[in-house]
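According to TrEMBL, the protein carries these features:
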type	residues	note
TRANSMEM	6-22	transmembrane segment
TRANSMEM	42-62	transmembrane segment
TRANSMEM	74-93	transmembrane segment
TRANSMEM	128-150	transmembrane segment
TRANSMEM	162-186	transmembrane segment
TRANSMEM	198-219	transmembrane segment
TRANSMEM	296-320	transmembrane segment
TRANSMEM	332-353	transmembrane segment
TRANSMEM	365-384	transmembrane segment
TRANSMEM	396-416	transmembrane segment
TRANSMEM	437-453	transmembrane segment
TRANSMEM	459-476	transmembrane segment
Amino acid sequence: MEVFYYLVFGVMAAVVAALELSKTNKDRINTSSSFNSFKNNYLLVFSIMMAGDWLQGPYVYYLYSTYGFGKGDIGQLFIAGFGSSMLFGTIVGSLADKQGRKRACVTYCIVYILSCITKHSPQYKVLMVGRILGGIATSLLFSAFESWLIAEHNKRNFEQQWLSLTFSKAVFLGNGLVAILSGLFGNLLVDTFSFGPVAPFDAAACFLAIGMAIILATWSENFGDPSDSKDLLTQFKVAAIAIASGRFKVSVKTVDSKTSQYTLSPFIPSWTCIYLQAMFPHFSNTIYDDFSDEKIALLGAIQSLFEASMYTFVFLWTPALSPNDEEIPHGFVFATFMLASMLGSSLAARLMSRSSLRVENYMQIVFLVSAASLLLPITTSVLVTPSKVKDEGLSLTSSIQLLGFCVFEACVGIFWPSIMKMRSQYIPEEARSTIMNFFRVPLNIFVCIVLYNVDAFPITIMFGMCSIFLFVASILQRRLMVISEKPKAEEWSPMKERNSEVDPLTL
């Protein structure tokens with residue numbers, strides 16, 4: 001293996017170790033012993049869940065190929081997974097809010113274990129079922145666990161700043177250390193012990209079963225909105241309106257003297273409420289309150305843009321580093337990327353520990369840096385003439401790109417705990433899981449399109465598109481920062497005042 005790989009890996013490991021060991025009291029958050037027990041329990045469960053996910057990732061494509069499936073069939077299987085997450089994600093998210101987040105986490109374990117079992121069959125239809133189950137499980141993994149954590153944290157009256165500590169540790173362990181160890185363990189099972197490509201999936205099922213046992217034994221249940229008055233469709237409507245760019249809460253006194261709440265987008269002219277009152281009796285005695293602005297919509301757009309770029313990068317980094325099919329140590333490069341992600345999460349922990357520094361501020365810089373790092377394949381192709389001859393070692397262009405990709409992965413490490421922090425602030429508790437899965441709908445659509453057309457565009461065009469997405473995310477983050485700094489009274493004027501100012505004939 002080339003010295004350059006060892007050098008990059010060693011430098012990255014040294015920086016991560018230095019950051020962790022050099023933490024001072026200013027970089028640490030003083031917490032209580034009860035919170036530490038709660039945090040450690042969650043981190044243990046989350047790390048086990050992520051181990052069950054990371055063990056499978058590197059071997060899915062390889063397993064399908066050993067069963068004799070070609071690139072087209074494998075692509076369809078992957079599309080089925082993302083499509084399943086898109087179609088069923090909002091449903092399982094709403095059920096998590098309604099039926100309980102603990103039940104949803106247990107359901108994740110069961111569904112993913114069933115998905116692992118299907119990998120033993122070489123039948124295409126069985127594998128397709130496994131991919132659909134895997135897509136459902138992925139939706140639960142990235143919504144139910146975080147929703148449970150935030151609700152339980154608030155229920156136990158812990159300090160809000162302590163959430164950032166749990167988020168950064170979860171990313172440091174789950175998306176960093178556990179990912180590296182899972183890759184090494186999977187390699188041990190497949191290559192060293194020669195158990196075959198299905199062995200990592202069996203190991204993942206064992207980890208998921210252990211994690212499920214811990215959840216059942218130690219977690220309590222919490223809900224978003226457990227009332228019987230909202231069916232699944234109503235929850236979808238509530239989540240969709242919450243994501244709409246701006247909204248007003250409407251308190252309605254019904255004919256039976258009960259009070260219900262509705263939300264209306266400010267894009268709907270305020271005078272249309274008069275027509276609603278005339279058409280629907282339950283809109284009588286309506287009181288309009290000022291509510292939230294477009295923070296939720298901005299947050300969803302930012303998350304979708306960044307994650308779309310991140311998942312596209314996952315497909316593109318291999319051909320970018322080996323344009324002429326050079327032999328590169330994929331596992332070692334992957335471990336290096338995970339180290340870079342750990343570096344980012346360690347930086348995020350320091351940034352979020354400072355109460356004077358807001359997440360909304362520094363994330364603008366993170367998005368700009370990530371956009372610049374994914375421009376490297378374009379700039380290097382312009383400045384350096386691409387070689388069409390297969391190099392024996394890593395070319396200069398690939399070496400520069402590898403460094404840039406490590407910078408992007410460090411930005412990913414900062415992104416995850418930071419977006420979790422902002423979601424905990426802006427997403428309403430009653431529909432948290434539902435809204436978080438709504439955020440993933442455009443992401444899954446985009447990934448399916450990329451998978452379907454991965455060979456249709458040059459790799460530089462794909463990276464350029466990702467860079468544009470990240471630049472747009474920085475602009476939206478700027479907007480989010482500006483409106484989040486405004487006092488609520490300045491953001492909105494009461495609806496009655498707006499009614500008196502608006503001429504219906506001009507709208």
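Cβ atoms are placed via backbone N, Cα and C, with glycine included.
TrEMBL labels come from automatic prediction, so no person has curated them.
Computed from a predicted structure; not experimentally measured.
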Most Cβ pairs under 8 Å with the transmembrane segment (128-150), selected from 42-62, 74-93, 162-186, 296-320, 459-476: 74-93
Residues from the same chain, set at least six apart from the ends of the transmembrane segment (437-453), whose C-beta lies under 8 A from its own: 75, 78-79, 82-83, 85-86, 89-90, 92-93, 139, 142-143, 239-240, 243, 299-300, 303-304, 307-308, 311-312, 315, 462
Contacting positions for the transmembrane segment (162-186) when only residues 6+ beyond its ends and CB under 8 Å are counted: 29, 31, 35, 39, 42-43, 46-47, 49-51, 54-55, 58-59, 149-150, 153, 199-200, 203, 331, 334-335, 338-339, 341-342, 345-346, 348-349, 352-353, 412-413, 416-417, 420-421, 424
Interface present between the transmembrane segment (74-93) and the transmembrane segment (396-416) (three or more C-beta pairs under 8 A): no
Contact ranking winner - 6-22, 42-62, 198-219, 332-353, 459-476 against the transmembrane segment (296-320), Cβ under 8 Å: 459-476
The transmembrane segment (332-353) touching the transmembrane segment (6-22) per 3+ Cβ pairs under 8 Å rule: yes
